[in-house]
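Notes follow the structure.
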Amino acid sequence: MSRTFVGMPAFPRNATRAVQNSQLRYNLRKATHTIRGKRAAVVGELPDWAELRAAGKAIKDHTLRNLDTYLLQLEEAVTRAGGHVHWAADAAEANRIVTDLVRATGETSVVKVKSMATQEIGLNEHLAARGITAYETDLAELIVQLGDDLPSHILVPAIHRNRAEIREIFLSKMAEWGRPAPERLTDEPRALAEAARLHLRERFLSTKVAISGANFMIAETGTLVVLESEGNGRMCLTLPETLISVVGIEKLLPTWRDLEVFLQLLPRSSTGERMNPYTSMWTGAVDGQEFHLVLLDNGRTRVLADEVGRQALRCIRCSACLNVCPVYERAGGHAYGSVYPGPIGAILTPQLRGLGSELDRSLPYASSLCGACFDACPVAIDIPEVLVHLRAKARHARAERAGMRAAGWVFDRPERLARAQRLGSRFRRLVPRRLPGPLAAWTDTRDLPDIPATSFRDWWDKTDGGRR
Amino acid sequence: MTSPMIPPTRSSRDLILARVRAAVRGAPEVEIPRGYRTAAPGTDLVSLLAERLDDYRAQVHVVPEAEVPGAVAAALDRRGAARLVVPGGLPEEWRRAAAAGREIVRDDPPLRADELDRVDGVLTACAVAVAETGTIVLDSGPGQGRRALTLVPDYHLCVVRAAQIVAIVPEAVARLDPAAPQTWIAGPSATSDIELNRVEGVHGPRTLEVIIAS
């Protein structure tokens with residue numbers, strides 16, 4: 001994947017372009033509505049969903065509150081079980097550690113299990129620049145990699161592609177990366193899955209190094225947990241001689257028992273299944289395999305320091321919030337300019353990266369604050385609350401700040417407000433439908449309200465509340 | 001295999017821990033409410049497991065314990081599996097039923113991945129099964145083998161005993177020991193990556209057949 005999100009314009013411009021793409025809107029609408037129905041059905045099956053959600057939220061909050069203790073406990077447990085633990089303060093350090101580990105094996109290619117953390121740090125690009133090819137093995141990641149595309153969804157990075165587009169990508173690009181697609185490939189999902197199986201089979205059986213992320217890490221036991229569907233995860237986790245897992249420090253759970261909550265919350269929220277087809281759990285070095293765990297900070301401790309914003313670290317990357325979001329459904333994942341799109345991305349990205357760029361400052365506004373994401377979140381992240389919190393923190397445009405200061409001055413005294421209202425009423429015919437200069441940004445997407453001939457206060461005084 | 005020469009990143013470890021401590025200083029402790037179900041008594045475990053496995057396109061047979069060997073032989077005949085890998089520790093009568101008229105490959109010494117790729121299937125027992133979610137758990141115990149054994153062959157035949165079935169996930173977690181590597185399996189290999197519809201059959205076994213001994 002040579003394309004990156006770096007340097008993308010702010011959300012409104014990306015979204016404007018995306019909503020004009022009718023194919024994209026059709027694909028997204030179809031996929032998100034399919035998954036919404038499935039999720040609602042399997043969540044409704046559980047009589048204790050609310051209790052599981054409350055427990056999930058509290059377990060994560062408790063873990064984050066005591067993260068230092070649990071990280072040390074995890075390090076000790078993994079080491080005791082024969083694994084090696086590495087600490088990476090930022091993306092550059094994580095990339096360097098992984099590159100050195102791969103080089104030490106003498107290999108020049110690795111297979112990868114879909115991992116948000118390695119996308120976040122740009123690992124594939126880093127490895128490619130140093131002569132190491134990373135082969136993505138998750139079907140959707142494969143589609144993105146072959147299509148030289150960017151991921152647009154946490155769970156299904158190629159959600160913006162329909163079956164016909166996937167067939168085209170397979171036919172034209174598979175040969176460049178390995179075994180070509182079957183000549184008579186149809187766009188039946190079953191045939192496309194079969195093509196991926198054939199394309200990757202030999203690679204799985206022969207590659208000696210694998211790189212993964214993890215859904216959960218258990219501090220008490222040192223166990224790592226990966227949930228998946230296809231079996232590509234199992235292939236990468238079990239067959240290669242060396243396994244390197246890059247995992248965000250917030251993925252911890254204190255005890256083995258805590259999995260009883262999250263193994264119910266995650267599959268039902270993400271793919272809308274009672275249980276995903278495959279879950280792998282391993283502790284340290286297993287079956288003669290060498291195991292390295294790279295613990296990644298990369299901005300997470302900064303998020304942790306924000307009392308309101310830290311709840312974003314509860315996220316278990318299920319993507320339920322994307323699937324129910326009216327903004328995501330129309331704008332698509334690329335508009336968010338980050339590997340974390342949708343409502344969770346709108347609060348996670350600006351906190352991880354900071355509010356330095358125009359794009360990151362625009363993300364807290366990529367929402368109508370309807371609250372569907374909060375309702376769907378299995379760990380009860382109050383995304384609207386964090387969005388509003390971040391809006392207050394982001395630096396605003398000069399015209400907006402001047403406007404708000406002026407409004408504050410007017411609203412500060414009743415007599416100022418009354419005078420301003422009378423002034424507005426007198427000149428109401430002169431107010432344009434669209435504001436001039438930098439103020440036009442406001443009226444581009446909003447209608448100015450009609451100014452009445454008399455303000456409510458004046459009407460009340462004049463008529464004694466309608467009695468005269 | 002030699003351990004790669006990497007200088008320890010002590011400083012980053014200290015840095016991250018210091019950042020964490022500074023970030024959570026003064027934050028309140030959190031109580032964990034566990035009001036969710038930890039057991040679900042009164043469930044008809046065998047039929048619920050069979051129904052839920054079937055939902056995810058596994059082929060399911062429920063037979064009395066004594067008829068398991070016959071069911072194993074019949075399943076392998078239907079499949080046309082001629083070469084079968086069988087892990088150590090499988091009950092002798094199941095193994096014998098599988099061996100009749102078929103070549104049995106042992107994983108001792110461990111088979112290479114490409115050798116595993118050339119067998120027609122694998123027959124295993126399991127550790128635990130969860131009825132509500134239609135899930136079978138393998139923990140590398142007797143009759144289950146290492147994880148690759150149930151991954152590379154295209155056909156997995158698994159025998160579940162009634163006593164191994166629990167109703168819900170918390171009961172399964174309580175029965176398992178995380179020190180052993182585990183694979184939780186719910187149906188054959190599948191993907192939801194094309195238009196978010198589930199399609200069976202990607203990299204893992206494309207056929208999962210389960211015999212439940214009631």
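The backbone N, Cα and C atoms fix where each Cβ goes, and this holds for glycine too.
Straight from TrEMBL, the features:
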DOMAIN    A:73-285  domain 'LUD'
DOMAIN    A:312-381  domain '4Fe-4S ferredoxin-type'
DOMAIN    A:392-462  domain 'Lactate utilization protein B C-terminal'
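Confidence for the domain 'LUD' (A:73-285), expressed as mean pLDDT, is 96. Secondary structure counts, DSSP: the domain '4Fe-4S ferredoxin-type' (A:312-381) has 42 helix, 0 strand, 28 coil.
As a summary of secondary structure, the domain 'Lactate utilization protein B C-terminal' (A:392-462) carries 47 helix, 0 strand, 24 coil according to DSSP.
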